[in-house]
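What TrEMBL says about this protein:
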DOMAIN    370-537  domain 'Cytochrome c assembly protein'
TRANSMEM  12-27  transmembrane segment
TRANSMEM  39-60  transmembrane segment
TRANSMEM  309-329  transmembrane segment
TRANSMEM  341-364  transmembrane segment
TRANSMEM  376-392  transmembrane segment
TRANSMEM  397-416  transmembrane segment
TRANSMEM  436-464  transmembrane segment
TRANSMEM  476-501  transmembrane segment
TRANSMEM  521-538  transmembrane segment
Amino acid sequence: SVNDDPGKWPTYLGYLLLALGLFWNLFDPTSRFGKLVRYLKATAPLGILPLLFALCTVTPQAATLADFEKYLPAYAQGSKAAAEDFGRLIVQSPMGRMEPVNSLDTQLLYKLHGSLSWRGMDQDQVLMGMLSRPDLWRYARLIRVKSPKLRKVLGLPQGEKFAAFADAFEGKKSYKLKKYVEEANRVKPGERGTFEREVIALDEKLNVIYMVFYGNLYRIFPMPGDPHHTWYNPLEAMQKFAGKERATVEALTRHFIDAAAAGEWAAAREMIAQIRHYQRRYGAELIPPKEKVEAELFYNRLHLFPRLVGIYLLLGLVLILAGFAEILRERPGPWFGRIRLGAGVVLLLLFALHTFGLGLRWYIAGHAPWSDAYESLLYIAWSAMLAGLIFFRHSLLVLGATVMVAGIFLFTAHLSNINPQITNLVPVLKSYWLTIHVSVITASYGFLGLGALIGFIVLWLFIFRHPARRPQIDRAIHRLVAVDEAALIIGLSMLTVGNFIGGVWANESWGRYWGWDPKETWAYVSIVVYTIVLHLRLV
C-alpha cells in the first residue's frame, strides 16, 4: 500500500517554524535568554567564548602453575613483535563488523581483567598466549573476585583477589560454580544479591576464556566464493571448508599455534603474514582500508576516554572547592582570576582531546558516535563540556560543575554493564534524520545535567549564607541562577527541537510521528517538566 499523507508537509512546516522560534529566542535581545546573557556579561569577571572558537579546532600435555611461571618471562620478552602482527590481522565480529584483532583483544582483556595490560604484557600478547598455550594460561589470574564468599568457593589463597580459569575446577571435570550458577539463575534478575550477580558474571568470564582457548571468537578465515561474505574461526573453517582451502587453513592454524607455543617468533610472524595473505586473497572486499585500520589501532592504544574519567572528576572537585573558597572570602585575591584563566585553558585542551576522540571514533565506525549507550554517554559528556565552555566565565563553580558532570557521564559509560565496542548500524538507523535527531536531543542532556548540578551547588550556598558573608554569597547565587536558567533554556530548546526531528524520522521510517512508547512518553514528560520549571518564575 501507498502511504499518502496530505498533512505531512504542513506538519513539517510547523516543526520548522517552532524550531526557528526556539533558535531565534537564543539571539533575540528582548527574550528572557537575551536578558540573562546581558546580566551575566555585566557581572562576569572573564570571557572565554572567543578563545573557544579560536581553538576549536589446542591441547598440549598437562602443565602446572610452576610451568606457567617459568614460561611467562621468556614469553613476555619475546612475543611483542609477533603479538603486534597478530593484532593487525582482520577479524569479523559477531555483528559482521570487520576490525583488527587488536580491537577484539582490547574488548576481551578489558572484560576479563578491567585493564589493557597484565603483568607488563599488552592485550595482544595476553590473548595470543591464551590461544597458543591454553594449558599454561589456564593458571593466569586474570579475573578480579570481590566477594569473600566466592573466593572461598574457588579456594583462592588468603589475600588473593584474582582468580584463574583453573581455580574454577576441581580436577579435570568438576566445575565448582555449577551449583551456585544454577541457583543464581533461578533468582529473578531484580532480586539477585551481590553474590548471585558476581557468580553469574564470573561464569560468563570463564566461558569467554574457554572460547578464547579454542579460538571460537577469532573469525579470521573468509570462505572462498561465499556470497554472504561470512568469515569463520579456525575450527569452523576446518569443518566447513573443502579441499585445498581446508588443508590451507588447517596448516596455517597448526603451524602458527606450534610456532607461538614453542617461542619460535620468526616462524610465528611468517604464519601470521600468510594468514594475512589468505585474508586479502579471499576477503579483500570486506577488509577495511589501511588508513582505517591504523586509525583504529591508534584509538585502541590511546584509550582516551577511560583516562579522561579520573582527570575530569579530580579537576571538577578541585575547581568546585576553589569556587567555594572564592565566594566565601570577603576579598578574593588576584590568584583566583589566574586559576580561572588557567583552568579555562586546561578545559579547552581537554575538550579538544574529547572532540578528537569522538571524531576518531566517527571515522573508524563510519557513522556518528551516538548510536548506542556507550557513545551516547561520551557525547553527553562532550556536550556538558561545551556548555561549560560557553558559561564558564561566570564562576569557578560553573567550571567545576561542567567538568564534574562530564566526568560522571564518562564514569557511567565505563561501568561493566555498558559495552564500548564499535558496532555497525542496523539499516533503520542509517538515516540522516536520525543522526540529527540523536545529536540534538542527546546534546541537550549535557546542558540539562549542568543545570542540575549548578542548582545543587546553589542549595549548598544557601547553607553558607552567614550574615558576615551574605552580600558576596548572594551575588554568587544570582549569577549562578542566571547561568542555570540560561543552560536550561538551551537544553529545553534542543530537547524540543530534537523531538520534532525524531517525529520526522519516525514518519519517514514507519509512517507515524508518535507512538507513545516509553522513550517517546518520557521525552514528552521531560519537555513538560522543564517547561514548568522555566516558567515558575512567572507564577
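Every residue, even glycine, has its Cβ placed from backbone N, Cα and C.
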Recorded stretch, among 12-27, 309-329, 341-364, 376-392, 397-416, maximising Cβ pairs under 8 Å relative to the transmembrane segment (436-464): 376-392
Residues of the parent chain within Cβ reach of the transmembrane segment (12-27), under 8 Å, 6 or more residues beyond its termini: 33-34, 489-490, 493, 496-497, 500-501, 503-504
Per Cβ pairs under 8 Å, the stretch of 309-329, 341-364, 476-501, 521-538 packing most closely against the transmembrane segment (376-392): 341-364
Integer average pLDDT (0 to 100) for the domain 'Cytochrome c assembly protein' (370-537): 81
Cβ-Cβ under 8 Å with the transmembrane segment (521-538): same-chain residues at least 6 beyond its ends: 441, 448, 485, 488-489, 491-492, 495-496, 499, 502
